Amino acid sequence: MIALGVNIDHVATLRQARGTDYPSPIKAALVAEESGADAITLHLREDRRHIQEEDVIILRERLKTRMNLESAVTEEMISFACRIKPHDICLVPERREELTTEGGLDVIRHFDQVSAACKRLTEAGIRVSLFVDARADQIDAAIRVGAPVIELHTGHYADAATSEAQQAELETIRSMAAYAFSRGLQVNAGHSLHYQNTTPIAFIPEITELNIGHAIVARALFIGFAQAVREMKTLMQEARA
């Protein structure tokens with residue numbers, strides 16, 4: 001089976017747009033769990049543009065599945081994670097001016113920093129994942145820093161300008177998923193996946209979990225959050241049938 005991690009960031013984006021206390025990302029997370037989500041993913045960004053510390057603290061107590069906290073590799077965020085102790089943490093690159101995470105974490109360039117963060121988080125009992133581009137050198141670096149999980153960045157696949165380019169990106173993801181799996185890593189994937197492009201990624205047998213958020217929140221505007229989650233989960237399961 002393949003697992004679905006529902007990212008609730010953009011429920012919080014809508015809330016923050018007007019500075020209200022609704023819509024509640026807490027409620028969205030609980031509805032997602034009831035509707036088939038296997039994990040709840042949320043990104044506490046340094047600029048706090050959507051998810052807030054209070055959201056993380058409340059959800060850590062209320063979730064029945066797993067919390068997958070996305071975080072930059074900074075002292076502030078690593079210390080916060082060690083205090084809250086999510087089930088999983090996915091370390092991601094972060095720039096304040098970006099609309100969304102634009103690429104994978106450069107584990108090679110930031111090797112010492114990532115290695116130290118992995119050690120601290122692991123000692124705190126948190127499973128560490130690294131959000132990386134589908135490249136063998138980055139996967140090898142993830143192994144060397146001691147991360148047991150990687151999340152392959154699917155943005156280049158999703159944003160490819162032509163069907164030929166998209167197919168080439170898919171083949172890269174497929175081969176790198178197999179490579180990482182053969183090296184003993186759990187392989188997750190995510191970024192810019194939606195209802196029209198998820199099936200080929202979900203079909204890759206080495207991939208354990210997909211993290212999807214924006215597309216589900218957008219679909220929920222028309223059919224409701226619970227049904228949007230159920231549709232995505234069904235789509236993923238059918239890819240493996």
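Backbone N, Cα and C atoms are what each Cβ position is placed from, and that goes for glycine too.
Per Swiss-Prot, 3-amino-2-oxopropyl phosphate is bound by ASN7, ARG18, GLY213, HIS214; the candidate from SER24, SER35, SER192 named for the same site is SER192. Around the Cβ of HIS191 (active site, proton donor), a 10 Å sphere holds 26 further Cβ atoms from the protein chains shown. Per-site Cβ counts within 10 Å over the recorded positions ASP9, GLU70, GLU151 peak at GLU151. Per the record's binding annotation for 3-amino-2-oxopropyl phosphate, residues ASN7, ARG18, SER192, GLY213, HIS214 show a top Cα-Cα distance of 25 Å.
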